[in-house]
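Novice: Starting off with a structure, shown below.
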Ligand code: UDP
């Protein structure tokens, strides 16, 4: 079976990472994965949630949203409904966990980094694009803190990126677009570090339970995709990546 956009099953969509996309946040990135586009910002606040007061440690938290015009059918603004739906909660927690896993929170000091991921165009893989883009925004925010002399070195232990994989019409595929995602029997999100370690794997075979062999094949594809994303992140960060030893 050939894919809609002619990609090989183990190929990711064209990736573009634009830094300094907007000017007010400490880090601001537009990430494009094919037709999926997400703005990821990182803003630093000099206080921490209650449970971390006087601990000397920092915190990273994330919010995620889809603009009404980002989806094929208009997405009602969550603010106008007065509550955040389950999918949004799951995604923002996932983004927060992914980024906290690679940061030395003890070295951040009592600061909170607010990550905001806003989907301006959705075509599958918005949570994974959010994580990949947010990592770059986070590095930029920490770098600013370092330039101001507020931290000595960037409190980053590894790089992190994320990609989706799935089984569509019996074939294992990397980086699903919306049409593939909506036909997928198995849908998985794989979050990994540059050292090829797993941070989180979300894999649902609700429609069709999958085998051990399927799982191994999807993990293999996920590693290929994430390694490529890490290359794009490094390229986008340019000299900063070298300077901080990424
Ligand atoms: N989608 C949509 N409206 C929604 C949720 C999802 O149009 O309320 C589309 C969108 O293109 C999204 C895709 O369905 O990227 C897959 O959604 P999923 O919940 O699997 O999350 P994602 O793959 O974006 O992380």
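In case you wondered, yes, glycine gets a Cβ from its N, Cα and C as well.
Whatever TrEMBL says is automated annotation, not expert-curated.
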Novice: Going by the phosphate site in TrEMBL, where 125, 126, 127 are listed, which of the candidates 81, 87, 100 is also part of it?
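Specialist: Of 81, 87, 100, 87 joins 125, 126, 127 in the phosphate site that TrEMBL records.
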Novice: Go ahead and report the DSSP secondary structure tallies for the domain 'Exoribonuclease phosphorolytic' (12-141): helix first, then strand, then coil.
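Specialist: Per DSSP, the residues of the domain 'Exoribonuclease phosphorolytic' (12-141) fall into 44 helix, 41 strand, 45 coil.
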Novice: Given the binding-site residues 87, 127, which one has the fewest other C-beta atoms within 10 angstroms of its C-beta?
Specialist: 87
Novice: What's the most sparsely packed of the binding-site residues 125, 126, counting other C-beta atoms within 10 A?
Specialist: 126
Novice: Restricting to the domain 'Exoribonuclease phosphorolytic' (159-223), what is the model's mean pLDDT?
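Specialist: Mean pLDDT across the domain 'Exoribonuclease phosphorolytic' (159-223) comes out at 96.
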